[in-house]
Amino acid sequence: MAELLLLNGPNLSILGRRQPEIYGTATLADIEQAVTDELAGAGWKVRAVQSDSEAELIHAIQDGYDTVGAIVNPGALMIAGWSLRDALASYPRPWVEVHLSNVWARESFRHESVIAPLASGVVAGLGALGYRVAARALVALVGA
Ligand code: DQA
């Protein structure tokens, strides 16, 4: 069965209790379930990886060339995750960058993402819904 890679970076394991006024109350498990539900119609499964370590995210990408596409919330690695960027440059499938918060409405250090130029698209500011939007976009881009 086709699998979608769902990558979440540093500090996203504590969603639900991490600054809920910014990131909402959905937990990472809620988000992984929502993406799973969104992809059920396409017959895709989810390979979910969260890590606070850039190296582990890179390994998940390198081991994920067999996946059909990816959703990537890099957390603060958006700012200077050059090794993550290099890993994504070699990832052979379409992928979408997701941010729960509207990063452009926040501190200026969040306004540029080093990975965004490589993404098929970027979804920001829609909270947990953004992951569903990204999943739907990937089904449309890749074709179920
Ligand atoms: C985030 C935005 C980043 O700037 C921040 O460092 C995060 C979460 C988001 O989902 O809104 O960790 O990626």
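Cβ atoms are placed via backbone N, Cα and C, with glycine included.
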Residue among R47, R110 sharing the substrate site, where TrEMBL lists N73, D86, L100, S101 as binders: R110
Cα separation, N73 (substrate binding site) to Y23 (active site, proton acceptor) (Å, whole number): 12
H99 (active site, proton donor) and N73 (substrate binding site), Cα-Cα, nearest whole angstrom: 6
Other CB atoms, at most 10 A from the CB of H99 (active site, proton donor): 23
Listed recorded positions with Cβ under 6 Å from ligand 1, out of R18, H99, L100, S101, R110: H99, L100, S101, R110
Length of the line joining the Cα atoms of D86 (substrate binding site) and R18 (site 'Transition state stabilizer'), in Å: 28
